[in-house]
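Engineer: From TrEMBL, here are the annotated features:
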type	residues	note
TRANSMEM	27-51	transmembrane segment
DOMAIN	42-291	domain 'G-protein coupled receptors family 1 profile'
TRANSMEM	63-83	transmembrane segment
TRANSMEM	103-121	transmembrane segment
TRANSMEM	142-163	transmembrane segment
TRANSMEM	198-217	transmembrane segment
TRANSMEM	238-261	transmembrane segment
TRANSMEM	273-293	transmembrane segment
Amino acid sequence: MEPGNDTQLSEFFLLELSENQPQIQPLIFGLFLSMYLVTVTGNLLIIMAIIADSHLHTPMYIFLSNLSFVDICFTSTTVPQMLVTIHTQSKAIPYANCITQVYFLLLFSVLDIFLLTVMAYDRYVAICHPLHYMIIMSTRRCGLLILACWVISVINSLLHTFLALRLSFCTDLEIPHFYCELNQVVHHACSDISLNDMVIYIAAMLLVVGPLSGILYSYSKIVSSICAISSVQGKYKAFSTCASHLSVVSLFYCTLLGVYLSSAVTQNAQATALASLMYTVVTPMLNPFIYSLRNNDMKKALKIVLGRVTRNRLTDLPS
């Protein structure tokens with residue numbers, strides 16, 4: 001490939017899920033469409049349940065509703081484009097669309113990380129400082145924490161996007177991924193990417209490893225506090241309040257680690273891209289199930305919402 005000016009670049013080319021097996025394209029299309037609809041519906045139900053039930057207007061559920069909204073947006077950044085690629089059998093994605101996808105992927109992935117960290121802090125305060133919980137986790141502080149998550153995520157996404165826009169790319173670029181991933185896009189540039197690599201590394205340390213350290217610290221204190229409780233029932237009740245969050249954090253970081261290890265161990269682009277689907281598609285789909293199945297308050301709120309929807313449909317039917 002000959003180097004060219006970035007103004008000559010009009011599109012990138014992505015991997016196809018069924019590139020060598022076109023006969024299974026309808027099956028794959030139906031699978032991902034179903035997963036996308038389940039993700040959107042499940043997370044919307046979580047948001048509606050929290051809004052509908054006044055008992056859930058607490059910091060933990062406010063953070064959860066924000067996480068559900070971000071998961072919908074995160075999945076919507078990748079899956080619709082994948083569905084278009086499968087349906088049209090065209091691997092091309094316009095340059096502007098690719099850069100836009102990079103921006104929103106970064107925005108919502110970092111938001112996911114920060115919201116999970118804030119939720120860990122919320123559980124730490126609830127279990128380790130229960131008497132001061134309502135003072136520490138006031139409505140104003142919750143709002144400031146959510147605002148801080150958004151501001152940092154937007155700044156980080158803008159920084160990486162502007163640095164990517166300054167690069168010159170060769171023509172007819174093939175990205176070994178199902179969507180435009182920052183690292184893959186940057187490493188296909190024809191110009192110097194040392195600054196981009198440095199910023200990516202620093203951001204990963206600050207925005208991924210840093211929050212993970214905060215989560216681990218919070219749970220180390222939580223475990224210490226739970227162990228200090230004398231009754232078995234008290235221990236179970238304390239642990240049950242953070243079990244769902246711990247499950248989601250474990251799923252999120254395990255899939256993220258799996259993507260990193262698969263890219264480091266294997267040179268197979270298809271395998272690495274498939275591993276990334278767990279992180280971008282499967283995890284947001286499973287989160288509503290984890291929170292609803294392990295949380296009695298959420299189950300009750302979901303029953304209320306579904307009951308209202310059913311009644312409204314019956315009312316709308318002609319008599």
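Yeah, the Cβs are placed from backbone N, Cα and C, and that goes for glycine too.
A TrEMBL annotation is a machine prediction, not a hand-curated record.
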Engineer: In terms of Cβ proximity under 8 Å, which residues at least six beyond the ends of the transmembrane segment (142-163) contact it?
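Structural biologist: Result: 59, 62-63, 66, 99, 102-104, 106-108, 110-111, 114-115, 118, 121, 182, 195-196, 199-200, 203, 207.
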Engineer: Could you pull out which residues elsewhere in the chain have a CB under 8 Å from any CB of the transmembrane segment (198-217), counting only those six or more residues past its ends?
Structural biologist: 110, 113-114, 116-117, 120-121, 152, 156, 159-160, 163, 182-183, 186, 249, 253, 256
Engineer: Within the same chain, where does the transmembrane segment (27-51) have neighbours whose Cβ lies under 8 angstroms from its own Cβ atoms, ignoring anything closer than 6 residues to its ends? I mean 6 or more beyond.
Structural biologist: 17-18, 57, 61-62, 64-65, 68-69, 71-72, 75-76, 79-80, 82-83, 86-87, 281-282, 284-285, 287-289, 291-292, 298, 301-302, 304-306
Engineer: Average the per-residue pLDDT over the domain 'G-protein coupled receptors family 1 profile' (42-291) and send me the rounded value.
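Structural biologist: So the average pLDDT across the domain 'G-protein coupled receptors family 1 profile' (42-291) works out to 88.
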Engineer: Taking a Cβ cut-off under 8 Å, which residues six or more beyond the ends of the transmembrane segment (238-261) line up next to it in the same chain?
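Structural biologist: For the transmembrane segment (238-261), the far contacts come to 112-113, 116, 119-120, 123, 126-127, 208, 212, 215, 219, 222, 225-226, 229, 272, 275-276, 278-279, 282-283, 286-287, 290-291, 294-295.
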